[in-house]
Amino acid sequence: MLDLFKAIGLGLVVLLPLANPLTTVALFLGLAGNMNSAERNRQSLMASVYVFAIMMVAYYAGQLVMDTFGISIPGLRIAGGLIVAFIGFRMLFPQQKAIDSPEAKSKSEELEDEPSANIAFVPLAMPSTAGPGTIAMIISSASTVRQSSTFADWVLMVAPPLIFFLVAVILWGSLRSSGAIMRLVGKGGIEAISRLMGFLLVCMGVQFIINGILEIIKTYH
């Protein structure tokens, strides 16, 4: 049981900086201004469900996609590392606020004409929460844990769905309490947290690239 908690904790530490629910909260507040409370709650729930589904598909079908297109594990690590590092750099040195992003502007225009527009899948679930970096991390991690013997087989079966479920629940709770979070943390607080998470992502991305290069060297050495 202790191994299960360790696996879940490790998974959350890896995924939460990538998913970054606080930036999704800022985006949600920019898009849901014309929605009533019931509609905001519905969009929050649907976004969380979509995030859970995307992560599950990435974990269990990611290897099949890699095999279909002939993508190697080192190649995935390097590509995923580049994506994660790029996302981290953008969070460290933001060029525009989340509410000013093209997705937010286009969706805001749609909301003016259609108050009940669906923003749960795009952009809240993808690419804001379960974006390319998150998906690449999940696929690469799935390949790594299946090849290692760090955890028991039953832990590797139970932990991933629980991790994805907890990420979805954290996102749902953050979106449901988005107004309170903004009042408590403030825009400056969210920017500071985003920059800290961005630095962590840059470090993770660089380590991904290093691991991929080392695997290539071992393969051809």
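Quick reminder: no glycine exception, Cβ is built from N, Cα and C everywhere.
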Message = Sharing a topological domain in Swiss-Prot means sharing a membrane side, so do MET91 and THR219 qualify?
response = no
Ask   = Any contact between the transmembrane segment (155-175) and the transmembrane segment (69-89), i.e. 3 or more CB pairs below 8 Å with pairs at least 6 residues apart?
value = no
